[in-house]
Structures are given as C-alpha cells and as structure tokens.
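Asks: Can you read through this structure? Questions will come right after.
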Amino acid sequence: MHRVTLVSRHLFPAATGAASTTFRHVSIRPASSRTMTSSTPAAAKDDALRVFRDMIVPRLDPAMHKGQCGRVAVIGGCEEYTGAPFFSAMASLKLGVDLSHVICDANAGTVIKSYSPELIVHPYLRTEDSVTQRPTSTPDIIHRVASQLDRFHAIVVGPGLGRDPLILNLVSLLLPEIRARFLPLVLDADALHLVATRPDLVRGYTRAVLTPNVVEYARLCRALELDPSEATPHEVGEALGGVTVVRKGAADAVARPGAESVVVDDQGGLRRFGGQGDVLTGAMAAFLAWNELAIKAHDGEDRRDRWTIAACVAACAVTRTASRIAFEEHGRGTTTGDVLAVLPRAFSEVVGEM
C-alpha cells in the first residue's frame, strides 16, 4: 500500500465562490483491491471504509457555508421517551452535520429543547393525549411537517416515537411524503414495529435503511413470511423491494440488494444500555446525508448501492468504536452521553483526520 499526497481543486460539497486548493493524504491500494467485491469479510469492510473516506466525507473548507455538510431531521419523541430523539439528533451534530432537527410530539418538545440549545425542535406531532390539550387536525400536522422536509438531506424515523395509535397513523401518512422527495430514510425502534404491520410503507423504497435488533429482526421476518433463524439481511432487503438492512448484534450485518453484504465486528463496549441504537441512527443519518450530497456532486447515481453500503458500514464502525472508547474510560458506569462525547474521537480513529 502506498501513501501519496493529492493536490486538487475539488470542493465537496460545492461551495459558492472560487475553489481553493485542497491537500490530503490518500492510501492507494493495488488496482485489484479497489472494489467492494472482496475475498474476505475484513477486506469488504476495509473497502467500504475506503469508499466512505475517499468519496463521501465532505472536506472542510473556509469557503463553505452552513448547511453544506448536511441537514438532518429525527421524527420521534413522545412524552415518555424524550432521550432517544435527542441522542440521535446530537450524534449527527457530533459527527459533523451542520443542522439537526427533531420533529416530535407536542408534550415532548419543551423537554427536548431543554436538553440542548443546539437542536432545532418542532413539536408538531400529536398523540391521543396531547391532541386533547393542543387540538389540531391531521391534515394540518402533515402539512406542517411536509413543509419542512425539503430542507433536509436525510431523515430518521422512530427513536422515542412510541406506539400511540394517532402518532403511528401520522407517521404512516408522512412516509409517502418522504418517499416523494427521495430522501434517505433510516427507520428504527417503533418505526420498525409500524413497518412490520404495514410493510408496503417502505416496500420498494431503495433509499430506506432499516436498523433492527434481534427482536425487531424476527418480527420483520415473520411479517414477510421468512424464518428469522434462517433469513439473511440480504433476503429481508429483497423481500422489501431493495431496502438496506442493518441487523444489529454482536457483529452488525449490512446488506443491500445489488451490493456486497458487509459484516462490521469492531470491538464495542461491554455495557448494554438504552440509547446506543439511537446514536447509530444519528450516525447513519449524518453519513447518508453526506452520501446524498456526494452522489449529486459526482453525478454518481450509478454508484448509489455501493456508496450507501459504505455509509452504513462507517456508521456501524464509528458507533461501535465510540462505545468501546467510552467503556474504556467509564466501565460499568458508561452511559449514552459518554458515547456521544467521544464520537469525534471514534470518527478520527475509524476514518482518519479529514
């Protein structure tokens, strides 16, 4: 492997005004290894991370303006579960997106705002409880949320959403709005419960990424009439018409029809606590937002399958590494806040200084 210095006039995302010269070091692999088709699982992961590093990560430059490193939104958060959307949205910020929004239930908005002034919080959603306190109509809610969607580069749906019938119905009406705008979409937690009951909500939407744990994966498989003990994430993705599936576990399996499946087995922390999956969704939203910007900058639609896998692999690797670093420092007392705090260090360890 050779290390060289590249001097380029390329800026990504495209900034207004004159381009500036950018210097960066790149490891050049032999031509035979510079594809996503790899002979070993480790090589497949390394190739995915190379694609992410070289083609997807935006290079910071003083000529850039706010928003060019991505704008994401998390749709979730109810009165009982305010932490999950916060962790997801903050993970995106800690990894480098410029703006992170939370679209939540009215009863969760003030609480989430109190966690951080850095998040933009829209308390537009309603549960059967909050709608009696703050009456509004379903069409009005859909209109308010849909009017915000065009500003985002990626959406997360599910963290802290809950299973209130009204809020699930609202999400079922919002998913077609997201699909109509061709936005990258990460679905987790209660959004996966909704998909298991109504698979057609995401079927055929190839910009969707599902991130089930073992219980959610089994539920999805049964909904698709697949055997959870035998069905691979690739088969689940095919059954849903081409979505990406990231099955979380001792090792994370990333699969997308049309691309090579990749296993991410980086060492994580030994603690199991709520919120780590939310951090992963935020990382994934950030990296998929960058992926979307890169595809547009490079006219790379034909590379979407490969680059989407790369973004998801990087999100898994960075999240697992952050969990390990946090556990090394805090041991049994590790919490999700500790993982959030070391995300920048984990990014540097996995991807390098950019």
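Note: Cβ is positioned from N, Cα and C throughout, glycine not excepted.
No curator has checked TrEMBL annotations; they are predicted automatically.
Annotations per TrEMBL:
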BINDING   Gly160, Asn213, Val214, Val215, Glu216, Tyr217, Ala218, Arg219, Asp278  (6S)-NADPHX binding site
BINDING   248-252, 268-277  ATP binding site
DOMAIN    49-350  domain 'YjeF C-terminal'
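Give me the structural setting of these features: burial, nearby parts and distances.
Replies: Of all Cβ atoms in the protein chains displayed, 27 besides its own lie within 10 Å of the Cβ of Gly160 ((6S)-NADPHX binding site). The secondary structure of Gly160 ((6S)-NADPHX binding site), as reduced to three states from DSSP, is coil rather than helix or strand.
Taking Cβ-Cβ distances under 8 Å and a sequence gap of 6 or more within the same chain, the neighbours of Ala250 (ATP binding site) are Asp265. The secondary structure of Ala250 (ATP binding site), as reduced to three states from DSSP, is coil rather than helix or strand.
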Asks: For Asp278 ((6S)-NADPHX binding site), what residues in its own chain, 6 or more apart in sequence, show a Cβ-Cβ distance under 8 Å?
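Replies: Listed in sequence order: Gly83, Ala84, Pro85, Phe87, Ser88, Ala91, Pro159, Gly160, Asp188, Ala189, Thr336.
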Asks: Going along the chain, which residues six or more apart from Gly277 (ATP binding site) have their CB under 8 A from its CB?
Replies: Asp188, Ala189, Thr211, Asn213, Lys248
Asks: Among the binding-site residues listed here, Val214, Ala218, whose Cβ has the fewest other Cβ atoms inside 10 Å?
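Replies: The binding-site residues Val214, Ala218 were compared, and Val214 has the fewest Cβ atoms within 10 Å.
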Asks: Specify the secondary structure state of Asp278 ((6S)-NADPHX binding site) as given by DSSP, simplified to three classes.
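Replies: Looking at the DSSP assignment, Asp278 ((6S)-NADPHX binding site) belongs to a helix.
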Asks: Restricting to the domain 'YjeF C-terminal' (49-350), what is the model's mean pLDDT?
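Replies: Looking only at the domain 'YjeF C-terminal' (49-350), pLDDT averages out to 97.
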